[in-house]
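Visitor: Below are the structure tokens for one structure; questions will follow.
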Amino acid sequence: EPAEEDHDEL
Amino acid sequence: MNIFRLLGDLSHLLAIIILLLKIWNSRSCAGISGRSQFLFAIVFTARYLDLFFTFISLYNTVMKIVFLATSYGTLYLMYIKFKATYDSNHDTFRIEFLILPAIALALLINEEFTVIEILWTFSIYLESVAILPQLFMVSKTGEAESITSHYLFALGSYRALYILNWIYRWFLTEKLNAIAIVAGIVQTILYCDFFYLYLTKVLKGKKLQLPA
């Protein structure tokens, strides 16, 4: 299960 | 956050502000591609939907709001307020040939098959080619005002700085997103021709002439 994608970049 | 990403975001913000000031002060959007600005508004809308339910940092939230507001503000100036000065004859790039492949690719190649992730991935793919209508328009008109070339330089530099940010994060063995990196490299490569002309011509006070 891929880690929850947290897109911290703009 | 690292210096490369911060400089990248500031370069991006600078580009958007240069464009807004150019249109507002000259009361004209001659030489500017409304289609590219339209694509940028789609990119920000698709990518920043998480604005309303994930909080990463104040900086992140503020910048997302600023980017959304300025991109729609630019569309307003181009298509409503200064519509008479919009050069639709030279702004003819078929953007459906950019949007549809970006949607297809986002459905095929993504990290997670969820609505938010697909929209984010779509926005990454679309952003990598969103400048094409503008570059196409400059090549069609054969030249660009120096303020427009400063805008393009700042806009191209933003993703180039993000590549340095990804290299820096790789050395720190931080988590990286391959989709964003590949698309960011493609995006930056599209500017190479322009970067060469900008550095060899515009900075010497000459006009930017793209070979038609």
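Placed from the backbone N, Cα and C atoms, the Cβ positions cover glycine too.
Among the features that TrEMBL reports, transmembrane segment is placed at B:62-80, B:92-109, B:115-138, B:150-172, B:178-199.
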Visitor: The transmembrane segment (B:115-138): which same-chain residues, six or more beyond its ends, come within Cβ distance under 8 Å?
Guide: 31-33, 35-36, 39-40, 42-44, 46-47, 49-50, 87, 90-93, 95, 98-99, 101-103, 105-107, 109, 144, 148, 152, 155-156, 179-180, 183-184, 186-187, 190-191, 194, 208, 210
Visitor: Looking only at residues six or more beyond either end of the transmembrane segment (B:92-109), which have a C-beta under 8 A from one in the stretch?
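Guide: Hits for the transmembrane segment (B:92-109): 33, 35, 38-39, 42, 118-119, 121-122, 125-126, 129-130, 132-133, 136-137, 140, 179.
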